[in-house]
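Quick look at what Swiss-Prot lists:
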ACT_SITE  HIS117  active site, pros-phosphohistidine intermediate
BINDING   LYS11, PHE59, ARG87, THR93, ARG104, ASN114  ATP binding site
Amino acid sequence: MTIEKTFSIIKPDAVKRNLIGAIYQRFENAGLKIVASKMVHLDATKAQGFYAEHEEKPFFNELVEFMTSGPVMVQVLEGEDAIHRYRELMGTTNPENAACGTIRSDFALSMRYNSVHGSDSPESAAREIAYFFTEDEICPRD
């Protein structure tokens, strides 16, 4: 298996409900190491830049409004097959369809307030990590 990095956001709805520790425990229980982490409060410009690929979609403004509504936790996760493993751990975007025991089935309130974000490919992981972290902020844990 390949050791890879992926990017994760714990969204404002989950931060507000004090779920950071519970979600971090899920990462570690799944064999994913947290190699970078920080709390940030996105402004509109930063959120719009991060979600630029969705700019033409009807939900874009609501997404930006939500992501700027409170602090978020951004982190880099590392492990074997980290991107796929984290996607499975998150569950589907719609928590009503998420498998039992996934982060979204257990913590998400709705499709809009779905608690977490995760990269969907190696390319998006690299782009998203670089958007929030410098190389010096990532601390490999061998």
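Even glycines carry a Cβ here, placed using N, Cα and C.
Feature map: annotations from Swiss-Prot on the structure.
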{"residue": "LYS11", "record": "ATP binding site", "CB count, 10 Å": "22"}
{"residue": "PHE59", "record": "ATP binding site", "CB count, 10 Å": "12"}
{"residue": "ARG87", "record": "ATP binding site", "CB count, 10 Å": "17"}
{"residue": "THR93", "record": "ATP binding site", "CB count, 10 Å": "13"}
{"residue": "ARG104", "record": "ATP binding site", "CB count, 10 Å": "23"}
{"residue": "ASN114", "record": "ATP binding site", "CB count, 10 Å": "23"}
{"residue": "HIS117", "record": "active site, pros-phosphohistidine intermediate", "CB count, 10 Å": "19"}
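Taking CA atoms as the reference points, ARG104 (ATP binding site) and the residue listed as 'active site, pros-phosphohistidine intermediate' are 10 Å apart.
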